[in-house]
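Lifted from TrEMBL, the feature list:
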| type | residues | note |
| --- | --- | --- |
| DOMAIN | 21-315 | domain 'Plant heme peroxidase family profile' |
| DISULFID | C31-C109 | disulfide bond |
| BINDING | D63, G66, D68, S70, E82 | Ca(2+) 1 binding site |
| DISULFID | C64-C67 | disulfide bond |
| DISULFID | C115-C311 | disulfide bond |
| BINDING | P157 | substrate binding site |
| BINDING | T188, D234, D242 | Ca(2+) 2 binding site |
| DISULFID | C194-C221 | disulfide bond |
Amino acid sequence: MVSINVANTMNETCVDDISIVLQIDLYKNSCPEAESIIYSWVENAVSQDSRMAASLLRLHFHDCFGCDGSVLLDDTEDFTGEKTALPNLNSLRGFEVIDAIKSELESVCPLTVSCADILATAARDSVVISGGPSWEVEMGRKDSLGASKEAATNNIPGPNSTVPLLVAKFQNVGLSFNDMIALSGAHTLGMARCSTFSSRLQGSNDPDINLDFLQNLQQLCSQTDGNSRLAQLDLVSPATFDNQYYINLLSGEGLLPSDQALVTDDYQTRQLVLSYAEDPLAFFEDFKNSMLKMGSLGVLTGTDGQIRGNCRVVN
């Protein structure tokens with residue numbers, strides 16, 4: 001996690017005029033089994049818990065407002081990581097899957113594949129296993145020597161964000177308006193706690209909300225321990241990576257306020273939502289390109305950073 005402005009091209013990231021290049025097939029000779037090992041663990045994890053696809057994708061997202069594996073570091077007596085930052089606390093999951101992947105990789109090719117590259121690859125595999133598009137993951141990220149709880153708190157958009165705030169958060173790290181709409185489509189997978197969309201529950205006077213949808217949410221969240229209850233981000237196809245998220249928004253069935261705002265609060269965002277709702281292949285193409293772009297943000301390469309032997313601690 002870094003809080004810097006980054007200019008990007010598809011294969012190259014420029015930070016302070018230093019050219020950093022990520023590569024496809026970086027581990028072809030040094031660890032040829034790397035991608036198959038990662039895929040196997042992700043496939044197994046998702047088969048046991050379909051929600052894990054969204055969890056692993058989200059881990060990469062939250063790491064990639066600076067893709068350096070910092071989100072994986074545990075707190076210690078003299079170090080505070082990012083896991084307790086407000087957007088991450090009691091929310092991020094899947095750390096044990098990354099641990100298992102890293103353990104096997106270390107037994108096959110020690111200190112070769114970075115935790116940041118594992119996150120990027122596991123995110124791609126989660127999308128593919130869920131029926132979404134595939135892409136060649138660019139490798140070569142090093143793992144950070146530290147983390148920033150403050151940057152994680154400030155940089156990651158919250159569930160009640162307005163469209164201007166979403167745009168600003170994405171642009172602050174080098175992602176465009178279009179990237180923001182395409183990457184929001186990741187909410188076709190996963191779940192959210194009632195506490196994150198409580199303002200939607202008061203929407204009986206909102207002409208844009210689907211009343212049946214609202215009543216179902218109110219029933220779910222009014223139960224004992226309601227705030228910790230989970231709702232699907234996409235009720236129609238919750239375990240499938242598709243364009244249903246955008247269709248839901250047009251029907252007034254966006255779960256998070258920040259999602260529904262893409263349709264109700266801004267003409268430009270609504271037009272892009274419409275285009276993705278009508279053309280799933282256009283969404284897939286833009287999503288994978290935006291994932292590649294996001295995956296190059298704030299990366300450490302060369303002599304910067306390290307390859308951790310354990311993703312939870314610095315070597």
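Placement of Cβ uses the backbone N, Cα and C atoms for every residue, glycine included.
Considering only the recorded positions D63, C64, C67, D68, P157, the residue whose Cα is spatially closest to the Cα of D234 (Ca(2+) 2 binding site) is P157. Mean model confidence for the domain 'Plant heme peroxidase family profile' (21-315) is a pLDDT of 94. Around S70 (Ca(2+) 1 binding site), a 10 Å sphere centred on its CB holds 27 further CB atoms from the protein chains shown.
The two recorded residues, C311 (disulfide bond) and S70 (Ca(2+) 1 binding site), have Cα atoms 9 Å apart. Cβ neighbour density within 10 Å is lowest for D242 among the binding-site residues D63, D68, E82, D242. Counting other Cβ atoms within 10 Å of each Cβ, the disulfide-bonded residues C31, C64, C67, C194, C221 show the lowest value at C31. Within 10 Å of the C-beta atom of C311 (disulfide bond) sit 22 other C-beta atoms, taking all shown protein chains into account. C31 (disulfide bond) is 20 Å away from D68 (Ca(2+) 1 binding site) when you measure Cα to Cα. Taking every protein chain shown into account, C109, C115 are the disulfide-bonded residues, and of these the Cβ with the most other Cβ atoms within 10 Å belongs to C115. Here the candidates are the recorded positions C31, C67, S70, T188, and by Cα distance the one nearest C221 (disulfide bond) turns out to be T188. Counted over every protein chain shown, other Cβ atoms within 10 Å are most numerous around G66 among the binding-site residues G66, P157. Listed in chain order, the residues near the Ca(2+) 2 site other than T188, D234, D242 are G185, H187, L189, L233, V236, S237, P238, T240, F241, N243, Q244, Y245, N248, each with its Cβ within 8 Å of the site Cβ centroid.
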